[in-house]
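Visitor: Can you read through this structure? Questions will come right after.
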Amino acid sequence: MYLRFLHLWHFRNYRDQKISFEAPKTILVGENAQGKTNLLEAVELLATLRSRRAGRDRELVQQGAEKARIAATVERLGVAHELAMELRSQGGRSLRVNGQGLRRQSDFLGQVSAVVFSSLDLELVRGAPEARRTWLDGVLLQLEPAYLGLVEQYRQILKQRNALLKQDPLAAGDKVPQMAFWDAQLATLGSRILRRRARLLQRLEPLAARWHQAISGGRETLSLTYRPQVPLPDPQADPKVVQAQFLAAIRAKAAAEQALGTSLVGPHRDEVELGIDGVAARAYGSQGQQRTLVLALKLAELELIEQVKGDPPLLLLDDVLAELDLHRQNQLLEAIQERVQTLVTTTHLGSFDAAWLQGAQILQVHQGQIAPSPASLPLA
């Protein structure tokens, strides 16, 4: 996959910016809060339809504007496609592919594939379980666009079930029939989500473990384990068996759920356990080890997306490359070579290995405006 052109209109601090990408590596240089991350955020939105930094679309629309627009020309397997996303400050989106409007957001997923590595990703190791669930779901959305509808349905059912749990039993009357209905819905959709997550981890683990061994010099062994609230002996287990176990787990927590007024069983509470040599990775205090682990996860994600789609995704590195030592920089460069288009943000070029700068397109970002940098090197 190759991103040829990007047009940001009233997006974040960009009023009307056009960028042509002319090399496999593009380095965006500028001080903090100038718009480097905003550009990567726009590309990530095209890939996942989600922003990790904004709770609502109105945060993405430039102050004083009614709507924002992201347009892109991407090349997939040698064929060019025109993409457009419009975000309205009052809510609502419109999506177009090659000029054709789409009714469902899931039909847009898969048009762009991207792997993002930013300082926020250290939360995969040291953060709450939600960070790891969000990462896993983000990978699934790119590999299986229909997963978006599954997650949205599950969230709606969870919301309805929690509302019923919060009702006063005396005021609500007999909740048993209603609860049985929502239990069955939660079990059906929840079991589909957890089975997909577990299968994805099965595919990611050997890839991540291999990358981790290479980066750490073979000194450590990485493991990825899905820990669902519902017993799951095998990700390939019969869906009906998993649903039955799901319902049994709900019944076991019924009293606690009524007391707390919230659902305690389901993929919204599951954990993804990252281990190093059999010990929880969050117990490792070294930031170097944490970065090694996250880098291995991201390289595994990149490799799996390429395996499934037959085309390497974009790689977006947000202010992390300069923080990697030369060994890790070289491991990453060896992994992507020239076949993976990479967009990198940084405040300075001094910590970059010369191999990263060779042939790179270097752009200066200042107050929402982008221009070629005097530091740009000729294309190799």
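For all residues, glycine too, the Cβ spot is worked out from N, Cα and C.
These numbers come from a predicted model, not from an experiment.
From Swiss-Prot, for reference:
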- Gly30, Glu31, Asn32, Ala33, Gln34, Gly35, Lys36, Thr37: ATP binding site (BINDING)
Visitor: I need the least crowded one of these binding-site residues (Gly30, Gly35), counting other C-beta atoms within 10 angstroms of each C-beta.
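Guide: Gly30, out of the binding-site residues Gly30, Gly35, has the fewest neighbouring Cβ atoms within 10 Å.
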Visitor: Compute the mean position of the Cβ atoms of Gly30, Glu31, Asn32, Ala33, Gln34, Gly35, Lys36, Thr37, which form the recorded ATP site, and then list in sequence order the other residues of that chain whose Cβ is within 8 Å of it.
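Guide: Same chain, not in Gly30, Glu31, Asn32, Ala33, Gln34, Gly35, Lys36, Thr37, Cβ within 8 Å: Asn38, Thr345, Thr347, Val365.
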Visitor: I want to check the contact list for Lys36 (ATP binding site): same chain, sequence separation of six or more, C-beta distance under 8 angstroms. What comes out?
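Guide: Once residues fewer than 6 apart are set aside, Lys36 (ATP binding site) is near Leu28, Val29, Gly30, Asp318, Asp319, Thr345, Thr346, Val365.
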Visitor: Once the chains shown are all counted, how many other Cβ atoms turn up within 10 Å of the Cβ of Gln34 (ATP binding site)?
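Guide: Excluding its own Cβ, the number within 10 Å is 20.
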Visitor: Restricting to the same chain and to sequence separations of six or more, state which residues have a Cβ under 8 Å from that of Glu31 (ATP binding site).
Guide: Thr347, His366
Visitor: Counting Cβ atoms within 10 Å of each candidate's own Cβ, which of the binding-site residues Asn32, Thr37 comes out highest?
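Guide: That would be Thr37, with the most Cβ atoms nearby.
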Visitor: According to DSSP, folded down to helix, strand and coil, what is Thr37 (ATP binding site)?
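Guide: Helix, per DSSP.
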